[in-house]
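Written below as structure tokens is the structure these notes are about.
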Amino acid sequence: MPMMWLFLTTACLIPGTLSAGGFLDFENKVNPEVWMNASEIIMYNGYPSEEYDVTTADGYILAINRIPHGRAQTGQTGPRPVVYMQHALFADNAYWLENFANGSLGFILADAGYDVWMGNSRGNTWSRRHKTLSANEEKFWAFSFNEMAKYDLPGIIDFIVNKTGQEKLYFIGHSLGTTIGFVAFSTMPELAQRIKMNFALGPVISFKYPTSVFTNLFLLPKSIIKLVFGTKGVLLEDKNARMSFITFCNQKLLQPLCSEFMSLWAGFNKKNMNMSRLDVYMAHAPTGSSIQNMLHIKQLYRSDEFRAYDWGSEAENMNHYNQSYPPLYDLTAMKVPTAIWAGGHDVLVTPQDVARILPQITNLRYFKQFPDWNHFDFVWGLDAPQRLYSKIISLMKEYF
């Protein structure tokens, strides 16, 4: 924790240092993607980009992006296999595009002949809209990953199916993105039938043994968390604060401090990270979520059970679930062919937690643990294209 406070304090002082004498050369060191959204990153790298809004059954308006084909495939005809990708907590869909094109899963899949779609979870920067509710209202933020699974994912998949004419697609999730998939596919068999294969990277199902400093937050009572963070959104985008962090971390002498901060959060291996892209990673997170989502994750913390959100009273639970206690998610009910990857140094999804869920996946077709990987390596690791992405494509060709 002292390292985190030092990071935050120093980062806040950096803008004054810059304005005082231009001691640090900020502008010349920033990657252009820092200022771009997902669509702009796609086009900047020479790929075709499409952007759509999807309205869920409960009224949330979600922004999704599409890369219909790779850079060198404009002459190819016929439908391409569809892939949908779901990001982690506090991220957005630029998450899949933040390394160079030859190291980003979104671009690699497009170049491999796939029709790539990437969603944004409700409440993040790009999906903070609703047909009737304002983001200033507490009711807008009354959701967790339960609603993302119940409404967001079915709505997006229906949209993709209607747009492409293809009835089935591949699903790739990382971290909380896997949670959304597991909940949806285990509770909605009709949706599960549309999934050719479920690729789960660093799956968050069991959350009993995390060692990240970040998870100490979940030791606090729910009332204290609400007192500190409020009852609406949490870690919403703050461009000024984010630029302070980016300025700080762009300095070569100070990058080790940023590495330490990220290591405390979710593990970090700078030898497997392109440190010149650190500003791009930080520019697109955090993007925000609901405090209710955080409380649902807290509910999993050090628990033996994987349940729907507890609304806090028998009456409220009865109103939402028609029973006095939130229902268990039954992973054994999920019949989708599934592949899982885990990291041996992952401090959020530890090997012990992964071991607890594997017996519950009744159609597990592939499992691999990389002993040296942490939670970020799945999306940012320099060796991810060779060790992970190539295997994903191989399995897609097998389960077509």
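Along the chain as shown, residues are numbered 1 onward.
Using the three backbone atoms N, Cα and C, a Cβ is placed for every residue, glycine included.
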Candidate set Asn274, Asn322, residue annotated N-linked glycosylation site in Swiss-Prot: Asn274
Neighbour count (Cβ, 10 Å) for Cys249 (disulfide bond): 24
Tally every other Cβ atom lying within 10 Å of the Cβ atom of Cys258 (disulfide bond). 24
How big is the Cα-to-Cα gap, in Å, between Asn274 (N-linked glycosylation site) and Asp346 (active site, charge relay system)? 19
Least crowded of the recorded positions Ser175, Asn274, counting other Cβ atoms within 10 Å of each Cβ, is Asn274
Recorded positions near Asp346 (active site, charge relay system), in sequence order, restricted to Ser175, Cys249, Cys258 and a 10 Å Cα cut-off: none
Close in space, distant in sequence - His375 (active site, charge relay system), Cβ under 8 Å, 6 or more apart: Ser175, Gly202, Ala266, Gly267, Gly343, Asp346, Val347, Leu348, Val349
Any idea what the model's mean pLDDT is for the domain 'AB hydrolase-1' (81-381)? 94
